[in-house]
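I have placed the structure first, in the form of structure tokens, so that the comments after it can refer back to it.
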Ligand SMILES: Cc1ncc(COP(=O)(O)OP(=O)(O)O)c(N)n1
Ligand SMILES: Cc1nc(C(=O)O)sc1CCOP(=O)(O)O
Ligand SMILES: [Mg+2]
């Protein structure tokens, strides 16, 4: 399996956002470290998820940027994406691994060491761990686990840990010091006045 990028851009498909414009801006400056995770609103149709994934794949291909699909693993398979990401409300990790096959990248959400270890045992190739900070991007999250919570997970597993939830470039040194391999962001890029510049700052902090 090729090495995982350290900057995971999660698509922002909320009203008023333009995930493909953000991706076009970010690709030239971040492609060496970039992974794109296609995440659509729960209300989106599979067809919408499929079309967005195809567009992301087309934009990322010249740069060799891998694309993962959140939740909807059939969309990952149908589009030839590199893999997927699952959490507590999605297919169990072992089932997701069965669906995607042994070569795919499979991320799983974990918030504490026990579930992290279980996810890795079941076949996760990386973990998304958070929320590290408070975030308005997603409703219904538990309280932030902070840097200490992230470190506890890092110490329990041997796969890359991707910190998520309210992460900005300013947080990266502390998260990396705690053992995070990389970060996953929505707002830090999608909400930036200049996404290319924000991506460059994130990559500089991560590498
Ligand atoms: C890298 C990364 N980490 C965590 C998540 C969250 O996944 P999940 O808990 O399944 O929640 P939804 O994103 O599906 O709402 C993620 N997507 N990516
Ligand atoms: C989709 C998602 N999952 C999270 C988790 O902790 O499981 S936090 C999150 C949203 C991340 O967006 P932002 O970078 O804008 O905070
Ligand atoms: Mg999910």
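Every residue gets a Cβ built from N, Cα and C, even glycine.
The 4-amino-2-methyl-5-(diphosphooxymethyl)pyrimidine binding site feature in TrEMBL is assigned to 37, 38, 39, 40, 41, 70, 109, 138. Sequence-distant contacts of residue 40 (4-amino-2-methyl-5-(diphosphooxymethyl)pyrimidine binding site), defined by Cβ-Cβ distance under 8 angstroms and a gap of at least six in the same chain, are 11, 13, 48, 49, 52, 70, 72.
Residues or ranges marked as Mg(2+) binding site in TrEMBL: 71, 90. Following the DSSP three-state reduction, the secondary structure of residue 90 (Mg(2+) binding site) is coil. Neighbours of residue 90 (Mg(2+) binding site), defined as other CB atoms within 10 A of its CB across all chains, total 17.
Taken from TrEMBL, the feature domain 'Thiamine phosphate synthase/TenI' applies to 7-189.
Confidence over the domain 'Thiamine phosphate synthase/TenI' (7-189), given as mean pLDDT on the 0 to 100 scale, stands at 98. Neighbours of residue 138 (4-amino-2-methyl-5-(diphosphooxymethyl)pyrimidine binding site), defined as other CB atoms within 10 A of its CB across all chains, total 13.
Residue 37 (4-amino-2-methyl-5-(diphosphooxymethyl)pyrimidine binding site): 24 other CB atoms within 10 A of its CB, across all protein chains.
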